[in-house]
């Protein structure tokens, strides 16, 4: 999920300057923290003081927090939010795939939307994905392709090291462009939707916090290195997607790698979204939930929905920004901090309460700023 955003990090530095480097570090720290407190909400202490996993999903946490209002209200809100974000992510991968194919084969007389349909055909086998094991193997391949892309870009930038200059960094900032940079940097780390399932499937769940620390640490190092070397190479000429700055032969190669990455990335949010729907249906009718025909129907419906949205929705990127500002900030910052305060208030120290409140305020401000920028963009487009 992070690959598309990583390619925009050098452009984010163009508009955020030195503060952008600090933001990359702070975003890693904040997202790592909210991941930990979200998983902490899955556990309660028994009579012996031992931590026992009493909840399994984000939905269970929400229901526990809202049980005084309604036994299932919190779960419904979280499930709808998750499904919207996951489906929008799937649609974005289709849109990006069409765009990459269009740029890779400019002499082929095919429209970008038609390329999206062609990319969609390659994703039809997703209907038959039943387990997370298959998705994990595809994600491993996706990670491998991701590192190839990063390696190619960084290697090319290092060959231009003689042109680097720290004078390219801005000291003065334009507030609106800075907010866009904040959004790109923060949401390049988001993964909270998948964490409860990931932690629950780990062979040694007690190592989850250590794993989260190291993955965010290395992600921070990689993203800082990538963004810094790319920006120092192109400076003011840095484009929104850094691959557009590459020479034509490298751009085509990297675009094809990005296409493979986008197609390999699609199954994870697709599988997660369908699993959420399955769990909701199973709570009402367990026998139908196990019906192979129903399973294929739901997966097929989701696939078709992503294709229709990618093909017929105008200005999808702006709509994605609007929904992402709401759902992304909610799932990453607002809800984890709110749930942690609600479920473990009596156990938290004063500093922990302050930290949770600070994260909530930060998430609210980021969400509000993203909504304002997205709505302004939509108003400008629609005149």
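Numbers here mean position along the shown chain, with the first residue as 1.
The backbone N, Cα and C atoms fix where each Cβ goes, glycine too.
Here the structure is a predicted model, which means the values were calculated and not measured.
Per TrEMBL, the feature domain 'Amino acid transporter transmembrane' maps to 2-375.
Under the heading transmembrane segment, TrEMBL lists 20-43 (among others). Long-range neighbours of the transmembrane segment (20-43) within the same chain, counting only residues 6 or more positions beyond its ends whose Cβ lies under 8 Å from a Cβ of the stretch, are 9, 12-13, 51-56, 58, 60-61, 64, 181-182, 185-186, 188-192, 195-196, 199, 208-209, 212-213, 216-217, 219-220, 223-224, 227-228, 332-333, 336-337, 339-340, 343-344, 355-356, 359, 362.
The feature transmembrane segment is assigned by TrEMBL to 76-95 (among others).
Among the features that TrEMBL reports, transmembrane segment is placed at 115-132 (among others).
If you look up TrEMBL, you'll see 144-166 (among others) marked as transmembrane segment. Beyond its flanks by at least six residues, the transmembrane segment (144-166) meets 2-3, 6-7, 222, 225-226, 229-230, 232-233, 235, 242-243, 246-247, 250, 253-254, 257-258, 260-261, 264 of its own chain at Cβ-Cβ distances under 8 Å.
Look at TrEMBL and you will find 178-198 (among others) tagged as transmembrane segment. Long-range contacts of the transmembrane segment (178-198) within the same chain: residues 1-2, 5-6, 8-9, 11-13, 15-16, 19-20, 23-24, 27-28, 30-31, 34-35, 38-39, 42, 55-58, 61, 82, 85-86, 132, 208, 216, 219, 223, 268, 272, 321, 324-325, 328, 331-332, 336, 366, 369-370, 373, each at least 6 residues beyond the stretch ends and with a Cβ under 8 Å from a Cβ of the stretch.
Marked as transmembrane segment by TrEMBL: 210-233 (among others).
The transmembrane segment annotation in TrEMBL covers 253-281 (among others).
If you look up TrEMBL, you'll see 293-312 (among others) marked as transmembrane segment. Long-range contacts of the transmembrane segment (293-312) within its own chain (CB-CB distance under 8 A, at least 6 residues past either end) are made by residues 87, 90-91, 94-95, 98, 113, 116-117, 120, 123-124, 126-127, 129-130, 270, 273-274, 277-278, 281.
As annotated by TrEMBL, transmembrane segment applies to 318-339 (among others).
The transmembrane segment annotation in TrEMBL covers 359-379 (among others).
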